[in-house]
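Reviewing the structure listed below.
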Amino acid sequence: MDFFAHFKIWVLTLILIFQSGYGFYLPGSYPHKYGIGDTLSVKVNSITSIETEIPFSYYSLPFCKPLEGVKDSAENLGEVLMGDRIENSPYKFKMHTNETDIFLCQTDPLSGDNFKLLKKRIDEMYQVNLILDNLPAIRYAKKESYFLRWTGYPVGIKVQDGYYVFNHLKFTVLVHKYEEANVARVMGTGDGSDLIPTVGSGGSELPGYMVVGFEVVPCSVMHNAQSVKNLKPYGQYPSSIKCDPTTVAMPIKENEPIVFTYEVTFEESDIKWPSRWDAYLKMEGSKVHWFSILNSLMVITFLAGIVLVIFLRTVRRDLTRYEELDKEAQAQMNEELSGWKLVVGDVFRAPTNAGLLCVMVGDGVQILGMAVVTVMFAALGFMSPASRGSLIIGMLLFYMILGIAAGYVAVRLWRTIGCGDKKGWVSVSWKVACFFPGISFLILTTLNFLLWGSHSTGAIPFSLFVVLIFMWFCISVPLTLVGGYFGAKAPHIEYPVRTNQIPREIPAQKYPSWLLVFGAGTLPFGTLFIELFFIMSSIWMGRVYYVFGFLLIVFILLVVVCAEVSLVLTYMHLCVEDWKWWWKSFFASGSVAIYIFLYSVNYLIFELKSLSGPVSEALYLGYSLLMALAIMFAMGSVGFLSSFWFVHYLFSSVKLD
């Protein structure tokens with residue numbers, strides 16, 4: 001019976017794999033069927049600019065408003081934290097019904113303030129972001145022999161000394177005929193099952209369509225304000241409108257209104273619903289991207305392999321030579337030779353600021369675990385760009401849950417350093433729960449005040465601040481205390497050698513040891529810097545980043561290289577009789593954060609040349625600093641824990657008095 005049960009499971013799995021050729025549908029993501037003539041409502045998101053990185057509400061500018069009033073869409077926590085403000089718009093279509101020369105509205109005469117604001121937003125190159133059926137509007141432009149693509153369209157353009165607004169939009173909606181059989185086989189269950197007909201339901205039902213593309217061409221058209229005085233919204237404009245994106249004709253002037261119009265064309269497409277995001281995920285220079293990542297992986301793997309082989313051979317030769325000697329020769333060798341064998345009585349001496357080290361290692365384990373789990377889920381497709389804010393929500397959720405691991409590691413390390421003393425474990429757990437979150441909260445609050453002062457939608461509302469504090473103290477802190485409790489109950493790690501009462505003097509070094517420690521971060525940085533460029537471009541240049549599979553590989557390689565670099569540095573310090581390895585092992589791999597922050601500054605100077613204003617630069621540097629600190633904690637904990645294991649293993653492998 002067990003054989004047949006397993007056989008059925010394998011058959012079902014194979015069927016699902018073959019059916020996934022029609023598309024892989026994740027929970028909560030299903031196609032919406034529209035009948036001919038059904039209403040399609042366009043939504044608007046915050047207007048954004050790569051010059052300021054400060055989002056603003058769409059209706060902060062003098063645009064047309066819906067007749068039923070402006071209403072916020074239901075937004076999740078991640079969307080709000082990312083600065084998204086999705087609202088309804090006056091743009092409405094009828095499925096598979098082409099419409100031209102549709103009058104939308106005529107604004108009130110531009111006041112002095114609105115006129116100045118509109119000119120300022122045009123100068124700052126703000127983009128309008130529209131959404132239809134969860135698809136952002138995409139704009140194509142031909143440059144020489146290839147097409148460029150952007151999401152959204154500019155508010156307007158400056159030509160010589162004149163400012164022109166894009167007041168006519170030419171929409172193209174790509175639709176795919178509803179494939180009943182295929183969708184029914186894949187989507188037979190779930191919340192959307194009532195929308196999906198079963199196979200063989202007959203052909204009596206009218207054909208339905210799914211939205212698989214949403215394109216926009218913005219035009220600046222001169223309208224006659226007098227001819228639309230008596231027109232109602234969605235009425236027919238009195239004359240034919242010619243949309244030519246290569247010319248501009250609608251200048252903005254103070255005390256004059258702006259007339260907005262649009263047209264929409266529906267085109268049937270071969271693009272299937274599961275593939276409709278492909279146009280957004282095709283990044284420019286993708287061949288360079290793949291080649292650079294592969295090249296980086298090969299080079300760093302080769303270097304890491306060489307370091308590992310040399311390192312293992314060196315340590316094993318020392319151990320083999322030592323174990324082959326008899327007792328008298330060993331005693332003589334201990335007296336004559338220098339190196340790591342002479343620091344046996346000091347190698348496990350408690351470091352300065354041991355409590356802070358335990359807290360930072362615990363926080364680092366929490367951040368590392370959050371990053372690995374989040375990237376793994378993203379690589380599996382559970383955090384696609386179609387689910388806005390899911391990446392931020394996933395990071396917060398995993399970070400809070402992994403508070404258990406942070407508390408456990410920090411308290412157990414604290415007890416190990418204290419030779420089994422449980423005293424103070426509650427204090428250590430509290431510090432772990434508040435140290436890195438407290439730093440993050442301080443940085444984000446400072447940046448939030450800057451956004452509040454700019455009236456940006458990127459500012460976190462006060463109510464959300466209360467929610468975040470509630471999550472911190474009512475979920476994250478208790479879970480960290482639970483982890484600390486288990487860490488206090490777990491047996492501490494026994495040292496293989498005793499520690500002398502009087503510390504051994506460290507010989508004078510030719511070069512400062514900390515210089516070598518901070519220089520060690522260059523090798524881990526080499527594994528990351530190419531991928532870092534694409535991540536930075538995604539965050540600050542408005543591009544979609546979705547190669548999480550490569551990111552996972554690079555991240556794993558980064559962890560391996562950080563561990564190896566820290567091991568080598570620790571061994572080198574022990575060989576020159578420097579037994580103060582605890583903090584140096586942490587910063588040997590954690591120093592990669594210094595180079596990441598310096599790279600961020602370099603990116604600001606050479607790639608984000610157009611970034612304007614002290615507020616924008618403060619936001620960029622603040623977020624870059626927070627990212628660098630998180631990487632320092634995570635990679636520092638990797639380096640320290642690997643070095644601790646190595647030192648424990650090294651002095652357990654040879655008998656020394």
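Each residue, glycine too, has its Cβ placed from N, Cα and C.
Per TrEMBL, the feature signal peptide maps to 1-23.
According to TrEMBL, the feature transmembrane segment maps to 290-312 (among others).
Within its own chain, the transmembrane segment (356-383) has Cβ neighbours under 8 Å at 24, 26, 390-391, 394-395, 398-399, 402-403, 405-407, 409-411, 413-414, 417, 428, 431-432, 435-436, 548-549, 551-552, 555, 559, 582-583, 586, 630, 633-638, 640-641, counting only residues six or more beyond its boundaries. Summarising the annotation, TrEMBL assigns transmembrane segment to 356-383 (among others).
Residues annotated as transmembrane segment in TrEMBL: 389-411 (among others). A Cβ distance under 8 Å defines the sequence-distant neighbours of the transmembrane segment (389-411), meaning residues of its chain 6+ beyond its ends; these are 75-82, 84, 358-359, 361-363, 365-367, 369-370, 373-374, 377-378, 382-383, 425, 428-429, 432-433, 471, 475-477, 479-488, 490, 637.
For 432-452 (among others), the entry in TrEMBL reads transmembrane segment. With a threshold of 8 Å between CB atoms, the same-chain residues lying at least 6 positions outside the transmembrane segment (432-452) that come near it are 54, 358-360, 362-363, 366-367, 403, 406-407, 410, 458-460, 465, 472, 476-477, 480-481, 484, 615, 618-619, 622-623, 625-626, 629-630, 633.
TrEMBL lists 464-488 (among others) with the feature transmembrane segment.
According to TrEMBL, the transmembrane segment annotation covers 514-540 (among others).
Summarising the annotation, TrEMBL assigns transmembrane segment to 546-569 (among others).
Here TrEMBL flags 581-605 (among others) as transmembrane segment.
Annotation comment: TrEMBL describes 625-651 (among others) as transmembrane segment.
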> Under 8 Å, at least 3 Cβ pairs, sequence separation 6 or more: does that hold for the transmembrane segment (546-569) versus the transmembrane segment (625-651)?
Replying inline: yes
>> Which sequence-distant residues neighbour the transmembrane segment (464-488)? Criterion: at least 6 residues beyond either end, Cβ under 8 Å.
In response: 77, 80-81, 396, 399-401, 403-412, 414-415, 422, 425-426, 428-430, 432-434, 437, 441, 448
